[in-house]
């Protein structure tokens, strides 16, 4: 502070200087405190850094540190008020023990907003009253706490019995709708809709810690929010006051635990300043280096988790790779990846040697390009910047998922906006029945390089605005919820919307073929509505259903539609039915066709014959009972069905699966991928007339089934994965069998290529047949080998890795032709890559016989309230599980995203203008398993 300001404040406010080694205090009496603070603020000291107190045992001192951000005048001023004086110097009266009621200081909250929390903390810890503070209450300690722990008279080890529930009860009325409305009424504000009090936390994932937010909301708009903190208060200041100076550094590490180096720095500086210790120049430079590295690591942790909260998962995986390099450097310096205790009073504990310097150089060389990548990925992201404003959208957080809420009339616009910006894959459409409200949910994903993530759109039934603020919630009838179709934007919406209509009764306005898809036409009701009983039976005539649907695709109807397009046909057209019990469909699948001679003009698959209501069943089971039902989806790839389910529950409950179990899951999944592909290509080739591969292939598949039998005592329906891990370890005998298989399989795959790949008859049935372009593949929502055969470089294992796939080296085969032949080639090459992955996994687990294979999980699995979507790279494509939990032992909503369902909906496009004989080859190249399609 310059002399002019000092002299003015000294005269104006009867202030005194108190020198205390490295600090100077301006002492003022209590009645002059506000005036002195305003005076300083007007002269540039606008930042109230902190408020605290010093207990001199017979005297309390309130301390305020104010700082200036004025160019050329960066400094601070410390104001002090003492408890036992009416004048600033503390000259009057005898010093006596101060009670909680004896020291009252005027609040500075009208001058500095930051004084609110700082004064509350000082009251909480020391008992100083701040007169005029409108919300003076505890902030770090529970309301029931007795005493003020930073007073010297408060013992260090004193315990108090505190009920968290009791504290919650004590604070629940601090922010209520009635109280809020009374306060707002005084300001002349009124609200037309019904307001709501909402609690978020203290264990909500987006708070990244134990933080509670009490809110008053008007629909989806926040009118008032009050954070409740202190759940992680550990009394570190009190502890440090009872330690010697060298013991304090480890406690600094435990403050901001993602930036421990930066916590240590101010502490050692403070002691060195107090003791006038001259730190060696090299140590000072090293401190700067490690602090700046920690700054980068902290910012990476922040922006990657923040963006994940906003729906962008890709930066999280990229960022943790960069942060990992910094943690390795810190580990070399301190033998720790967190809580470093690296700085010490007088210097640092270890020098930066040549090896560590080399790692730092490598990091600093690469990081600028990485930051540029982050900017390309994020900074101009229009979804982040614009969709909320453009479509009156709101964010709804639901544990691991974030929804963009839009009203019905904005749905198509929002979907087109997202598609134009790379979200071209409609993964699924479903609904959630809240009993007095229906919600339509759309999950869109991006295949854009570097931006592999998903966006969930939601439309609610009881609102004209996105937040659902209008009207009283009432039971929704089938006619009450109409949503515009997305079929003109995404071809895949056709089947997904039909399924949602079938199961929930939601009408999709503009859908040209809105009818049941999994249930018979005669079925009454919508079984995934909560009002539909689980055990309800209906008498359905299969013949009657056939009769009811036979006129849905007729020659006359087809000709009328084609006539509108100006197309005519010279020959007599024919309506042809294939199935539902045709051997080439490998399941109960019916194909209705219009043919012109031998050419297919139109084909319409009819599915649902194997529908077993698995989603409804799972919504009535507890979480541990569900795994066996996953096995019964794609029954030739049961291990791969279990995987996304256990991942979803683990993600919802934040269960950390042991590394060994994660690797074992990868091994058995890749073995199952090989078995599934063997089953596919051998039966497909048999449909095309080649029987020999069938016998060879089943011999190879038998070896895998024997391994699975050793692990699970089953050859199908394994129920091997469980929430938290796997049920049995891979022992030496099983490892030996796996090794034998992986040693032999590459030569076997080479034999298959010799036998099949160059065969002229095979090439005639495969090359140039059943073409699915890249654009169509994306628009129809196909995934897996079919997608990669059409030129899309996307594999969940590589692009959005799970279960340690990022540690495995493997290639992702991609072709651009999009025909039967390259779909075959992708799967054949995938088997080769799966063998490599299994070998790597086996090396990882056989290097040690130790390691847990299952995490400690509660006996009764009860996830917290929220939504989750977990997906894996199944042999057929993207297999996903969407769960909505209401905090009870059974899922409230259980949705299976079947890869075979979405892949099969592209069949009509693939068959257009091909020959009838090719329908077997084209349909088989999709690899549909009807248990997975129909669920």
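Even glycines carry a Cβ here, placed using N, Cα and C.
According to TrEMBL, the feature domain 'NADH:ubiquinone oxidoreductase 30kDa subunit' maps to 27-159, 405-537. Under the heading domain 'NADH-quinone oxidoreductase subunit D', TrEMBL lists 309-385, 687-864.
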## Note on the structure
Mean pLDDT across the domain 'NADH:ubiquinone oxidoreductase 30kDa subunit' (27-159) comes out at 85
### Query
Looking only at the domain 'NADH:ubiquinone oxidoreductase 30kDa subunit' (405-537), what are its DSSP counts of helix, strand and coil residues?
25 helix, 31 strand, 77 coil
## Note on the structure
Secondary structure split (DSSP) over the domain 'NADH-quinone oxidoreductase subunit D' (309-385) reads 52 helix, 4 strand, 21 coil
### Query
Per DSSP, what is the residue tally for the domain 'NADH:ubiquinone oxidoreductase 30kDa subunit' (27-159) in helix, strand and coil?
25 helix, 31 strand, 77 coil
